[in-house]
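Feature list (source: Swiss-Prot):
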type: TRANSMEM; residues: 32-52; note: transmembrane segment
type: BINDING; residues: CYS35; note: heme c binding site
type: BINDING; residues: HIS86, HIS187; note: heme b 2 binding site
type: TRANSMEM; residues: 90-110; note: transmembrane segment
type: BINDING; residues: HIS100, HIS202; note: heme b 1 binding site
type: TRANSMEM; residues: 116-136; note: transmembrane segment
type: TRANSMEM; residues: 186-206; note: transmembrane segment
Amino acid sequence: MSKVYDWLEERLEIQAIADDITSKYVPPHVNIFYCLGGITLTCFLVQVATGFAMTFYYRPTVTEAFASVKYIMTEANFGWLIRSVHRWSASMMVLMMILHVFRVYLTGGFKKPRELTWVTGVVLAVLTASFGVTGYSLPWDQIGYWAVKIVTGVPEAIPLIGSPLVELLRGSASVGQSTLTRFYSLHTFVLPLITAVFMLMHFLMIRKQGISGPL
């Protein structure tokens, strides 16, 4: 193993990278509330893992979605546990994100020179809420159906562009298969990809600028 490590070290300078990560200065005022962002990231990773596992069984059609979720909960090995963890971590992610935003605001972490870090954080907060909206519809039960119908109907009040926007969200004039397909694609591919990009930007800026000092 040492020869393998030496070979990698010679080419990648692993030790230098490890030293840079572990030797980063942490201000003395940092407390447990500064861990809320990291907990949010952990919840996101749990979401990715459990969500990926459920894609093996979930069927995004209006005729099979509910039955496939029922199969996950009652017949698939550990399916009930995986889906339950997915739901619990989703709620935890939203809660930790809200608390993280409050912590940053109350401690002035959004001030110069960290304005862009705050902006990317706000975008991540919107993306987190979007995960909740799109994921809520996927079981395609009564609650999910009517939630989607109400949420996608809200933009209709916007003058001129309201109706076209509603049709864009739903995929048609009414809520149906096109709507479920759109929400499934958003929830499992588009939103995770965008979230990963903004998280990378967010963490790189934190890494570069460091943790903000006390007020």
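Yeah, the Cβs are placed from backbone N, Cα and C, and that goes for glycine too.
HIS100 (heme b 1 binding site) sits 20 Å from HIS86 (heme b 2 binding site), taking the C-alpha atoms as the reference points. Outside the transmembrane segment (90-110) by six or more residues, the chain places 33-34, 36-37, 39-40, 43-44, 47, 117-118, 121-122, 124-125, 128-129, 131-132, 135, 212, 214-215 with a CB less than 8 A from a CB of the stretch. When the alpha carbons of HIS202 (heme b 1 binding site) and CYS35 (heme c binding site) are compared, the span between them is 15 angstrom. All protein chains considered, the CB of HIS187 (heme b 2 binding site) has 21 other CB atoms within 10 Å. Long-range Cβ contacts of the transmembrane segment (186-206) within its own chain (Cβ-Cβ under 8 Å, at least 6 residues beyond either end) map to 41, 44, 48, 51, 55, 114, 116-117, 120-121, 123-124, 127-128, 130-131, 134-135, 138. Considering other CB atoms within 10 Å as the measure, the emptiest surroundings among the binding-site residues HIS86, HIS100 are those of HIS86. Neighbour density for HIS202 (heme b 1 binding site): within 10 A of its CB lie 21 other CB atoms from the protein chains shown. For CYS35 (heme c binding site), the count of additional Cβ atoms within 10 Å of its Cβ stands at 14 [all protein chains shown].
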